[in-house]
Amino acid sequence: MAFVLSLRMALVLVSYCPGGSLGCYLSRRPTLDVRENLRLLDRMNRLSPHSCQQDRKDFGLPQEMVEGDQLQKDQALSVLYEMLQQRFNLFHTEHSCAAWNTTLLEQLRTGLHQQLEDLDTCRGPVMGEKDSELGKMDPIVTVKKYFQGIYDYLQEKGYSDCAWEIVRVEMMRALTSSTTLQKRLKKTGGDLNSP
């Protein structure tokens, strides 16, 4: 009898611990993390976006992925993870240190790192091209190309204050889009093909 109770308790704990269920990442906490990251990005604003109109650029955020209609659960989690990883890398460059208030930047990095750790416990293996529902394009490659375009833009603009402001606004947009995919995953229990 004690063994059966211990086994039941272990199963209950596994279902609530990281890696034990989809809910390990898609709980209320990540929504708070996203809000905090958006708040930090907003506070990092040093220039009026209107003063940088001439530097605006469409980076081609892959909407078909962040909307989630064409992704399976594992792919969606991998896309969320890759977008977080790339965002973390972007704000962890030497050039980003020169562009932002170091206290706010460090808080943002810490928040992104915590989200990466939380999501890493829940995602499955990275999906490859042959598993992709987006045709011949691997979703992870698409995310990497999107961020490479951002790095190229920053370099082309000499890491100017306006270039960083445009990228800051783009990261807020991308973070909001990622939240849409995350909410959809949570709502559908990971089945993105359900209504």
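Along the chain as shown, the residues are counted starting at 1.
The backbone N, Cα and C atoms fix where each Cβ goes, glycine too.
The signal peptide feature in Swiss-Prot is assigned to 1-23; the stated evidence is similarity to another entry.
Per Swiss-Prot, disulfide bond is recorded for Cys24-Cys122 (among others).
Residues annotated as disulfide bond in Swiss-Prot, with similarity to another entry given as evidence: Cys52-Cys162 (among others). On its own chain, Cys52 (disulfide bond) has Cys162, Glu165, Ile166 as residues at least 6 apart in sequence with a Cβ closer than 8 Å to its own Cβ.
In three-state terms derived from DSSP, Asn101 (N-linked glycosylation site) belongs to neither a helical nor a strand segment and is classed as coil. Its Cβ placed at the centre, Asn101 (N-linked glycosylation site) has 13 other Cβ atoms within 10 Å. Residues annotated as N-linked glycosylation site in Swiss-Prot: Asn101.
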Ten-angstrom check, please: count other Cβ atoms within 10 Å of the Cβ of Cys162 (disulfide bond), all chains counted. 16
